[in-house]
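Per TrEMBL, signal peptide is recorded for 1-19. Residues annotated as GTP binding site in TrEMBL: Asn76, Lys77, Gln78, Asp79.
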Amino acid sequence: MSKLLLIKTLNLMYGMLEARTKSDRYGDTTLVTGTQGLIFVIDSSDRARIEEARQELHRIINDREMRECLLLVFANKQDIAGAMNPQEVTDSLKLASLTDKIWFVVPSCATTGEGLLEGLAWLSNNVKSPPNVQKR
């Protein structure tokens, strides 16, 4: 079962869509208009499903609501032997074909926290402030 979780803090909206199986796919989910950043977490040790992940990512990121969206890819499970490195993930997801997108791949390990701050800092530094929020 897929889940969409939206959290609003100050003037930022965070959303999470969890889709673990083919039946949980994005197709039935409505994206939030004005989304500025997408975090896509990939199991770097699961080479068998990388093509499915690529198809799902491209389906999501090419949605008209996501046209100005930044893409952060966490290449997760780097602690597992044989996990794809960031370049392999980049190639497998065909990120170079997303010529109109700004994207970043970060090697990560959710259990240790490795890479999480680096990725979130990149997203935070590159996302545009909403028009009604003024920087001080």
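Using the three backbone atoms N, Cα and C, a Cβ is placed for every residue, glycine included.
Those TrEMBL annotations? Automatic predictions, nothing curated.
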8 Å Cβ shell about Asn76, Lys77, Gln78, Asp79 centroid, GTP site members excluded: Asp43, Ser44, Ser45, Ala75, Ile80, Ala83, Pro107, Ser108, Cys109, Ala110, Thr111, Glu114
Close in space, distant in sequence - Asp79 (GTP binding site), Cβ under 8 Å, 6 or more apart: Cys109, Thr111, Thr112, Glu114
Neighbour count (Cβ, 10 Å) for Gln78 (GTP binding site): 20
Listed in sequence order, residues with CB under 8 A of Asn76 (GTP binding site) and six or more positions away: Val41, Ile42, Asp43, Ser44, Ser108, Cys109, Ala110
Other CB atoms within 10 A, centred on Lys77 (GTP binding site): 20
